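Comments concern the structure below.
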Amino acid sequence: MSKPIVLSGVQPSGELSIGNYLGALRQWQQMQDDYDCQYCVVDLHAITVRQDPQALHEATLDALAICLAVGVDPKKSTLFVQSHVPEHAQLGWVLNCYTQMGELSRMTQFKDKSARYANDVNAGLFGYPVLMAADILLYGAHQVPVGSDQKQHLELARDIATRFNNIYSPEQPIFTIPEPYIPTVNARVMSLQDATKKMSKSDDNRKNVITLLEDPKSIIKKINKAQTDAETPPRIAYDVENKAGIANLMGLYSAATGKTFAEIEAQYAGVEMYGPFKKDVGEAVVAMLEPVQAEYQRIRNDREYLNSVMRDGAEKASAKALQTLKKVYAAVGFVARP
């Protein structure tokens, strides 16, 4: 029996955060046995905002090495760099022709990014969700892990796929209609200084962010200064509405130790101050990341291995993608290359 197909990508722009790890990358490793996983480093998406070429080059290799370091197995999953599989851009162009301007102009992320990068609001940024749709539809993905910021894009991918199928292949649909993958455990990590906002790797205030490769001393320092509250006496309780800072730290501690919120609350019942709890959270996060960081350094220094992973991944991905692209080209009436 074939496994459900999953597609997910990671951007090689900026340092990946612990939020990227807990919310996506660790999940990637856990899904490999039960799903047919397609994982890509989405460098085509990265250039929708201006990138330094050398920095993008290095960040792409960094992201690939991180995927491997967290446990993505190239023998179980298809791991590749997006620009190495030209079918993504080819299908993206076709899908552009079946996407309405009004649909794209309603995308919340475009509004947010165009405000942030007001000096470079390019067509690629506007059409970003269409390329994302191509990423998904090329592989017949049944499920797509998405955060709240990408949910609208997945809905658009579903609309584009349905529209194309209805025009060209209502009886035998070319595109699979993807569903969101909902993780059993919510691993949403919030900003350290303002726990009402999601942690973002691109946050200008670096005190808000813990990066995946961050120095242990820096991690502990940031957590020691993280937002708590002024409740007297101090109370460790998972209450997102009234104790957002403590709830965020509890989430990190739970992710790092495997303890439930109830167990954490019992462990710290009757505390006189938040300092000892913060100390334990910092040490637990460092212990969680240390093996990943060590494995990353080993893999990142083995360029021959990275090259082999990229080469094999691109070949596997392209073979799958080409099957879909041929069906699409035939459906719209393109003449096949002799």
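Here the Cβ of each residue, glycine as well, is placed from N, Cα and C on the backbone.
These numbers come from a predicted model, not from an experiment.
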What range among 12-20, 48-56, 228-236, 300-308 does Swiss-Prot describe as motif ''HIGH' region'? 12-20
Which is it, of 108-112, 193-197, 198-202, that Swiss-Prot names as motif ''KMSKS' region'? 198-202
So if I draw a 10 Å sphere around the Cβ of Val189 (ATP binding site), how many other Cβ atoms end up inside it? 22
Please report how many Å separate the Cα atom of Met199 (ATP binding site) from that of Asp135 (L-tryptophan binding site), as a whole number. 25
Over the motif ''KMSKS' region' (198-202), what is the model's mean pLDDT? 83
Could you round the CA separation between Asp135 (L-tryptophan binding site) and Gln11 (ATP binding site) to a whole angstrom and send it over? 13
